[in-house]
Amino acid sequence: MISTGSIAEIQALISKFKSEGKKIGFVPTMGALHDGHLSLVATAKEKVDIVVCSIYVNPTQFNNQDDLKQYPRNIEADKGLLAENGCDVLFLPSDEVMYAGRNTIKFEFGDLDKVMEGKFRPGHFSGVALIVSKFFNIVLPDYGFFGQKDLQQLTIIKKLVEELFFNLEIITVPIKREPHGLAMSSRNERLSKEDREKAKIFSIALTEAKSILMEKQSSEAAKSKVESLFANHKAELEYFEIVSDKDLLTKTENYLAPDTVLCIAGFMGNVRLIDNMYLSGV
Ligand code: AMP
């Protein structure tokens with residue numbers, strides 16, 4: 001695995017690979033890698049010749065400076081995992097390389113960045129869109145691999161690619177979960193052992209809400225089930241939404257259609273977690 005923090009070096013490598021007719025897959029991450037990230041790398045490895053990963057904790061997508069400071073960083077372990085799992089090129093840029101003191105461009109996505117995460121993390125998706133655009137322009141991948149775990153991010157990135165004519169295809173990778181159901185996340189490292197066990201309530205609540213809707217009961221019944229499960233487990237619910245994956249707007253009917261996805265966010269202790277589940281499938 002070649003590892004570099006230099007844009008010029010990455011661009012030289014990419015043009016060499018492209019001149020050899022190789023297809024490039026790109027997996028952006030913020031590090032503190034777990035099996036969820038590695039499933040993106042494995043999916044990319046199957047589809048392309050060269051897998052490029054990035055590890056960069058992007059300051060412009062954090063609206064809370066404490067969250068940025070506390071974000072887990074495990075760079076040496078991450079390098080080992082990526083090398084063992086088939087990453088060919090690792091891009092590890094510094095803030096100076098990515099921003100050089102600039103942070104002027106803002107993105108707006110209409111309703112897409114106002115709902116759910118957008119309500120609780122103002123500016124977050126503008127920062128995500130900015131860094132992903134920079135990466136796409138540097139790496140020029142044929143495919144970008146993103147996790148369903150961050151469903152709203154995925155919808156926004158698809159929109160970004162479509163509207164800015166980025167010449168690549170976005171591939172969605174399903175959510176990887178711990179054995180008791182908790183969606184894998186770098187933030188899980190910040191949970192105490194006890195809270196990590198209790199955090200399974202996020203996926204349990206989604207599963208219960210899903211079966212209520214599949215039994216054709218009301219969305220109110222699903223919501224009140226989620227609220228009572230959270231209250232009983234001393235977890236704090238920020239939102240539970242039943243939305244379409246197309247526009248992220250609340251659905252009020254036709255729940256059994258394939259676009260319906262249940263999204264949840266909240267706190268276990270002082271760690272903020274998100275999860276989602278399609279009504280059809282997982
Ligand atoms: P992050 O490092 O949290 O920015 O995540 C980098 C990529 O990994 C994003 O596309 C995430 O959606 C994806 N990802 C994070 N957690 C999981 C998971 N549990 N299963 C699958 N993909 C994930």
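Placed from the backbone N, Cα and C atoms, the Cβ positions cover glycine too.
TrEMBL annotations: computationally assigned, not manually curated.
Copied from TrEMBL, the annotated features are:
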type: BINDING; residues: 30-37, 147-150, 184-187; note: ATP binding site
type: ACT_SITE; residues: His37; note: active site, proton donor
type: BINDING; residues: Gln61, Gln153; note: (R)-pantoate binding site
type: BINDING; residues: Gln61; note: beta-alanine binding site
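Checked against ligand 1, the binding-site residues Ala32, His34, Gln61 give no residue with a Cβ under 6 Å from it. Counting in whole angstrom, Gly36 (ATP binding site) lies 16 from Gln153 ((R)-pantoate binding site) by their C-alpha atoms.
Looking only at Cα atoms, Gln153 ((R)-pantoate binding site) sits nearest to Gly147 among the recorded positions His34, His37, Gly147, Met184. Summary for the recorded positions His34, His37, Lys149: the Cβ-based neighbour count within 10 Å is maximal at His37.
His37 (active site, proton donor) sits 9 Å from Met184 (ATP binding site), taking the Cα positions as reference.
Counted within 10 Å of its Cβ, the other Cβ atoms near Gln61 ((R)-pantoate binding site) come to 20, all protein chains included. Mapped onto three states, the DSSP output places Gly147 (ATP binding site) in strand.
Between the CA atoms of Met184 (ATP binding site) and Gln61 ((R)-pantoate binding site) there is a gap of 20 Å, rounded to the nearest whole number. Met30 (ATP binding site) falls within neither a helix nor a strand when secondary structure is assigned with DSSP, and so counts as coil.
According to DSSP, Met184 (ATP binding site) is assigned to coil rather than to any helix or strand.
For the pair formed by Ser186 (ATP binding site) and Gln61 ((R)-pantoate binding site), distance between Cα atoms is given as 16 Å, rounded to the nearest Å. Its Cβ taken as reference, Gln153 ((R)-pantoate binding site) is surrounded by 21 other Cβ atoms within 10 Å in the chains shown. Taking CA atoms as the reference points, Met30 (ATP binding site) and Gln61 ((R)-pantoate binding site) are 11 Å apart.
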